[in-house]
Amino acid sequence: MTSTSTTTNGDSFTVKAGLAQMLKGGVIMDVTTPAEARIAEEAGACAVMALERIPSDIRAAGGVARMSNPSMIKEIQAAVTIPVMAKARIGHVTECRILEQLGVDYIDESEVLTPADDTYHVQKDQFKAPFVCGCRNLGEALRRIKEGAAMIRTKGEAGTGDVVEAVKHIRTVNAEIAQAKAALASGGELAVAKMAREIGADVELLKKTAELGRLPVVNFAAGGVATPADAALMMEFGCDGVFVGSGIFKDAKTPEHALQRARAVVKAVANWNDYGALVEACIEHGEAMKGISNAGMKPEERMAGRGW
C-alpha cells in the first residue's frame with residue numbers, strides 16, 4: 001500500500017515513462033565498481049545498476065542490506081556515460097531522496113534490499129526521478145504504477161541464477177492481462193471493475209492495460225537471469241529488456257571473461273528470436289555461475305515475497 005493518496009501527476013509521469021521507453025530492447029547490468037561499469041558500457045549495456053554487493057553476495061552475507069554508499073555511486077556515475085540506477089529499500093523515502101539528490105537516472109525500490117517499511121511502499125509520484133519496481137503479478141505491477149513507477153520488472157529470485165521464478169512472474173502477468181482483456185470484451189467496465197477489486201488494482205489502470213494488451217509502462221525481466229538463453233527466453237515471453245545481476249561478474253575469471261559474458265547477453269537480447277545468433281552467444285558466454293536452485297530454498301530465504 002502507499003503512504004499517501006495523492007494522484008499521479010500526468011505530465012511528469014509521461015516524461016518518466018518516456019525515458020524508460022528509451023531502454024527497450026536493452027540489458028541493464030549490476031555493477032559494484034567503476035571498472036565493472038566500464039565493462040558493462042563497453043559490452044553494450046543500456047544502463048547499469050550501482051550497488052555495493054551483487055544479489056548473490058547479499059544472500060551469502062545475510063544481515064541487513066541497505067542503500068549503497070553515495071561515494072561508490074558517484075564513482076560509477078563518473079565512470080560511464082550510460083544511465084546509472086541505484087537501489088533503495090522498500091518504503092525508505094529518505095534513501096530515495098538521497099539517491100535523487102545524487103542525480104541517479106532511475107531509483108529501484110527493491111526487494112533485494114531489506115525492507116524498511118512492512119506496510120507502505122514509497123509514493124513515487126512525489127519524486128522527479130523515475131522509479132523501477134518489481135512485481136510477481138498484475139496486481140503488484142499496477143499498484144506500483146499507481147504509486148508512480150515508470151518501469152516494472154519481474155521480481156524473480158535475485159542472486160540465484162535460477163530463472164524459474166522470473167518465468168513464473170512474467171507468465172502470471174501475461175495471463176492476468178489476457179484475463180483483463182477478456183473481461184473488458186465480455187463484460188465491459190463492470191467486469192474490469194470486479195477484476196480490479198479482486199487483484200487490488202486501480203480500475204482505470206486495469207482498463208488501460210486491457211485495452212493495450214500489455215502494461216502501460218516498460219516491463220523488464222529480472223531475478224535469476226544468468227545466461228544468454230535465459231535472457232532470450234524472457235524476451236520470448238514479451239519482456240521489453242533484461243536486468244542481469246550476478247550472472248555477469250560472479251565467478252568471472254578475468255575482466256576479459258566478464259566482458260565476454262556481458263557481450264553475449266547483450267547479443268542474445270538483441271537477437272532473441274535468431275537461434276543461430278543465440279548459439280553463438282551461448283558459446284561466447286561460456287560457463288555460467290553455479291547458482292542456487294529455487295526448489296531447495298526456505299521461505300525466509302526468498303526475496304520475491306518482500307513487498308505487497
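Backbone N, Cα and C define each Cβ position, glycine as well.
If you look up Swiss-Prot, you'll see ASP30, GLY159, GLY224, GLY245, SER246 marked as D-ribose 5-phosphate binding site.
Per Swiss-Prot, active site, schiff-base intermediate with D-ribose 5-phosphate is recorded for LYS87, and the stated evidence type is similarity to another entry. For the recorded site, LYS87 (active site, schiff-base intermediate with D-ribose 5-phosphate), the DSSP three-state label reads strand. Around the Cβ of LYS87 (active site, schiff-base intermediate with D-ribose 5-phosphate), the number of neighbouring Cβ atoms within 10 Å comes to 27.
The C-beta environment of ARG171 (D-glyceraldehyde 3-phosphate binding site), restricted to residues of the same chain at least 6 apart in sequence and closer than 8 Å, consists of PHE237. In the three-state DSSP scheme, ARG171 (D-glyceraldehyde 3-phosphate binding site) is classed as helix. Taken from Swiss-Prot, the feature D-glyceraldehyde 3-phosphate binding site applies to ARG171, supported by similarity to another entry.
Taking the binding-site residues GLY159, GLY224, GLY245 in turn, the residue surrounded by the fewest other Cβ atoms inside 10 Å of its Cβ turns out to be GLY159. In this structure, the binding-site residues under consideration are ASP30, SER246, and the one with the smallest number of other Cβ atoms within 10 Å of its Cβ is SER246.
According to DSSP, ASP30 (D-ribose 5-phosphate binding site) sits within a strand segment. Across ASP30, GLY159, GLY224, GLY245, SER246, which the record gives as binding D-ribose 5-phosphate, the greatest C-alpha separation is 12 Å.
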